[in-house]
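J.: Provided herewith is a single structure, encoded as structure tokens, for subsequent inquiry.
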Amino acid sequence: MPILARIPIFKALILDIIFIYCMEITVDQMYQIENKGHDMGFLKKFMMENAGAASVRRLVEKIENIESKNILIFVGLGNNGGDGLVMARHLAGYGAKVTVMLLGTPEKIKTEESNWNWSILKKMPSVKLMIGDSLSFDFKPDIIVDGILGTGISGEIREPYASAINYINKTDCYKFAVDVPSGLDPQTGETANICTKCNMTVTFHKMKQGIPKRKDLTGELYAEKIGIPPEAEEGIL
Ligand SMILES: NC(=O)C1=CN([C@@H]2O[C@H](COP(=O)(O)OP(=O)(O)OC[C@H]3O[C@@H](n4cnc5c(N)ncnc54)[C@H](O)[C@@H]3O)[C@@H](O)[C@H]2O)[C@@H](O)CC1
Ligand SMILES: [K+]
């Protein structure tokens, strides 16, 4: 054993570092765990539901009088956006004034679980739905939810996501990132050409290795369980 590791305080520190490192997973491991959980019957739509619900719990704990707030939710066409759609429904349940800006058209939503959530929102007049790439709103948001891009990010940010990220960064309000601030690579901690700067980030299941490197962009950072059976990790972690 190295000499330093024999001194209790250093031993504790080394154990802490090992523990923190082991708690963090790669993005690839996350996708494998998600797929295995889904194959076990814990469907991705349930994971998405729990991700959105856990995010709203954190937001409601943080922000007083949520029912009086104008909340603007930017959603991309992947499952990060799907989590944002779940948040919209839960926040409407709290009585907040919720507007969803889908960055694209509904036919281009990529997954069954995101589509499922979009179709529920279409039946909810309590949530205002906008589509396309207009960034002109007839209210001033108190809170913006960034559900644009998550673990599926690759390369430089393309339109209309880039303009939405710019809009978020120049708007003065509370900013919440779903899973990871859009533009931040959750594996490496590096940013693309542009990235949201947020006040709070809630990531799911376990911390991804790159995210805690960028607390300057994440703000307060949490990893929330979303119901994936621990057995889904077997053979992966
Ligand atoms: N992995 C899991 O276990 C779970 C993941 N969930 C959510 O799903 C997310 C991952 O979903 P996806 O795999 O659909 O990925 P994303 O939602 O991150 O989106 C990927 C899509 O965005 C587009 N895109 C990628 N890079 C781009 C760029 N630079 N500029 C413009 N467009 C770009 C691509 O068309 C791609 O299909 C996570 O971040 C998380 O929010 C949750 O629903 C809960 C469970
Ligand atoms: K995001």
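Every residue gets a Cβ built from N, Cα and C, even glycine.
Unlike curated entries, TrEMBL annotations are predicted automatically.
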J.: If I go by TrEMBL, which of Asp133, Asp138, Asp179 binds (6S)-NADPHX at the same site as Asn79, Asn80, Gly81, Gly82, Asp83, Gly150, Thr151, Gly152, Ile153, Ser154, Gly155, Glu156, Tyr161?
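T.: My reading of TrEMBL gives Asp179 as the candidate in that site.
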J.: Which number gives the other C-beta atoms within 10 angstroms of the C-beta of Asn79 ((6S)-NADPHX binding site), all protein chains shown included?
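T.: So the number of other Cβ atoms within 10 Å of Asn79 ((6S)-NADPHX binding site) is 27.
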J.: Please state whether DSSP places Ser182 (K(+) binding site) in a helix, a strand or coil.
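T.: DSSP call for Ser182 (K(+) binding site): coil, neither helix nor strand.
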J.: Would you count the other CB atoms within 10 A of the CB of Ile153 ((6S)-NADPHX binding site), including those on all shown protein chains?
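T.: Ile153 ((6S)-NADPHX binding site): 24 neighbouring Cβ atoms within 10 Å.
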J.: May I ask for the distance between Ile153 ((6S)-NADPHX binding site) and Ser182 (K(+) binding site), taken between their Cα atoms and rounded to an integer number of Å?
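T.: Cα to Cα, Ile153 ((6S)-NADPHX binding site) and Ser182 (K(+) binding site) are separated by 8 Å.
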J.: For K(+), what surrounds Asn80, Asp146, Ser182 with a Cβ no more than 8 Å from their Cβ centroid?
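T.: Going along the sequence, the neighbours come out as Phe74, Gly76, Gly81, Gly84, Gly147, Ile148, Leu149, Gly150, Ala177, Val178, Asp179, Val180, Pro181, Thr196.
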J.: Spatially, which candidate from the binding-site residues Asn80, Asp146, Ser182 is nearest to Gly155 ((6S)-NADPHX binding site), comparing Cα atoms?
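T.: Result for Gly155 ((6S)-NADPHX binding site): the nearest of the binding-site residues is Ser182.
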